[in-house]
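Dropping a structure here in structure tokens format, bear with me for questions.
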Amino acid sequence: MAKELKGIAASDGIAIAKAYLLVEPDLSYEKTEVTDVESEVKRFESALEVSRTELSTIREKAAKDLGEDKAQIFDAHLLVLNDPELTGPIEESIKNAKTNAETALQETTDMFIGMFESMDNEYMRERAADIKDVRKRVLSHLLGVTIPNPALIDEEVVVVAADLTPSDTAQLNRKFVKGFVTDIGGRTSHSAIMARSLEIPAVVGTKEVTASVAKNDIVIIDGLEGNVIIHPTEEQIAHYEKIKSDFALQQAEWEKLKNEKTVSKDGVHVELAANIGTPNDLEGVISNGGEAVGLYRTEFLYMGRDNFPTEEEQFEAYKAVVSGMDGKSVVVRTLDIGGDKTLPYLELPEEMNPFLGFRAIRLCFANEELFRTQLRALLRASVYGNLKIMFPMIATVNEFRQARDILLDEKAKLKAAGTEVSDSIELGIMIEIPAAAVLADQFAKEVDFFSIGTNDLIQYTMAADRMNERVSYLYQPYNPSILRLVKMVIDASHKEGKWTGMCGEMAGDQTAVPLLLGLGLDEFSMSASSILKSRSLIKRLDQSEMVKLAEEALNKSTAEEVVELVEKYTAE
């Protein structure tokens with residue numbers, strides 16, 4: 001008998017295949033006393049070394065298949081494995097308590113996990129998740145237990161799991177894994193974001209799929225509407241095969257728009273750009289008809305290594321992207337380290353809330369030579385195309401002036417040395433701190449453009465960590481307060497003859513696109529896989545009608561009212 005579950009549509013598409021259950025292995029053990037503590041310590045160190053080798057291999061595969069930005073999660077896992085503040089106490093526990101390595105590992109990591117999970121900020125809670133993932137891997141090697149390896153799947157399946165860890169997702173082979181469904185998670189969870197990168201259908205947050213599915217059960221995953229059907233009838237299979245076929249035809253239609261400009265029904269042009277992390281991501285931008293790079297996250301050039309990239313290394317990477325876009329705009333964000341992004345070779349202070357602390361431009365000002373090195377590389381690359389530079393985490397006008405003055409100083413030095421530098425580089429800022437949005441009219445007199453980073457802007461405005469399930473209901477992209485801030489920024493830029501882009505998740509959200517078009521957004525920067533779908537939508541919209549929609553939305557009281565309004569407008 002067919003059973004239907006409802007979850008959250010995380011990645012578009014339809015998948016119909018038998019289930020592959022990614023279940024947790026039995027890692028139970030007995031606490032024992034050891035007599036040869038040195039041998040036990042060596043057994044623990046051996047398990048650490050095997051785990052390091054495995055994670056390094058997984059990281060390389062993730063970088064190749066998903067891009068460097070997605071692979072950097074494994075740098076955090078490798079940091080855990082190499083952290084003497086964690087491994088040291090485990091070895092001391094073995095020696096002092098004469099306990100087996102499994103017990104020492106479990107008890108020591110439990111202490112760290114409990115400490116991190118009790119903290120209020122997202123960064124620290126993510127460290128707890130990293131420790132859990134690493135502990136499972138090390139424990140499996142101590143016990144000689146095989147962890148299910150999704151990379152070994154060699155037939156067409158849909159993966160069913162309580163949740164997917166970064167390690168799991170990075171090993172999914174798109175040739176065989178046609179989709180996945182999980183018990184937990186939301187649209188902005190790690191597994192959902194990875195599914196969109198892999199371009200495979202996914203439904204998350206079903207709550208009970210693992211309790212409802214057995215190995216080899218036929219499962220339908222509807223990543224368009226968030227439906228999951230177990231033991232579907234022939235009629236249901238036929239119905240979803242038709243939807244799958246129609247969606248494939250729809251994608252083929254979108255593909256025809258690849259070389260077209262993004263113009264609304266009434267002739268208003270906006271730019272659809274892509275977010276990238278490395279030069280390797282350019283292929284996806286070009287194949288999906290990206291009109292620009294709206295966000296080049298340069299921090300990924302600094303990750304997965306043991307030291308800072310040299311000026312020459314950075315120059316080559318920036319040159320590759322700028323020249324590769326063949327004259328199209330490339331907006332480069334300067335180094336955004338701190339918060340949830342760390343470097344193993346850069347010591348950062350311990351902070352109660354690193355997301356509100358020493359990060360991004362603040363860190364660059366305190367490490368000025370590091371900042372200057374990056375700016376020199378960018379300035380040298382500017383002659384190879386249409387480079388724009390923006391500074392992250394700007395809160396005050398003085399911060400922008402300080403960053404600009406450092407850049408102009410480096411530009412003058414390069415020119416004095418005979419190095420060619422473009423004189424038409426636009427300078428902008430990320431709008432992710434509410435203070436910058438409120439003061440946009442003053443910023444607009446000095447910057448060339450704004451790029452709204454909605455992920456942080458929403459969190460800071462609503463005082464709600466989107467990864468904290470207890471307050472995630474407050475992470476509301478459609479809250480009128482957020483829309484008013486966006487409108488304020490766009491209007492301020494236009495008043496001064498400047499432009500505004502958006503590079504957060506909201507820019508590629510199909511519910512948000514009509515609103516943003518009506519609010520006057522000039523550039524939408526999103527994952528490359530969302531570009532053609534968004535272009536198709538905008539071509540069907542009348543911008544003058546969307547202006548009316550946006551005006552109505554700004555006067556609503558709740559996010560729910562705004563969503564209802566958009567659905568009503570787009571259905572007509």
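Numbers here mean position along the shown chain, with the first residue as 1.
Glycine is no exception: its Cβ is also placed from the backbone N, Cα and C atoms.
From Swiss-Prot, for reference:
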- His190: active site, tele-phosphohistidine intermediate (ACT_SITE)
- Cys503: active site, proton donor (ACT_SITE)
- Arg297, Arg333, Asn455, Asp456, Arg466: phosphoenolpyruvate binding site (BINDING)
- Glu432, Asp456: Mg(2+) binding site (BINDING)
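Relative to the rest of the structure, where do these features sit?
Counting every protein chain shown, the number of other Cβ atoms lying within 10 Å of the Cβ of Cys503 (active site, proton donor) is 29.
Its own atom aside, the Cβ of Asp456 (phosphoenolpyruvate binding site) has 21 Cβ atoms within 10 angstroms in the protein chains shown.
When secondary structure is read from DSSP and collapsed to three states, Asp456 (phosphoenolpyruvate binding site) falls in the helix class.
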Could you tally the C-beta atoms, other than its own, that fall within 10 angstroms of the C-beta of Arg333 (phosphoenolpyruvate binding site)?
24
Work through the recorded positions one by one (Arg297, Arg333, Asn455, Asp456, Cys503) and name whichever has its CA nearest to the CA of Glu432 (Mg(2+) binding site).
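With Cα distances computed to Glu432 (Mg(2+) binding site), the winner among Arg297, Arg333, Asn455, Asp456, Cys503 is Asp456.
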Which of the three DSSP states, helix, strand or coil, fits Arg333 (phosphoenolpyruvate binding site)?
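Where Arg333 (phosphoenolpyruvate binding site) sits, the three-state DSSP reduction gives strand.
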For Arg297 (phosphoenolpyruvate binding site), what is the secondary structure state per DSSP, taken as helix, strand or coil?
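In the DSSP reduction, Arg297 (phosphoenolpyruvate binding site) maps to strand.
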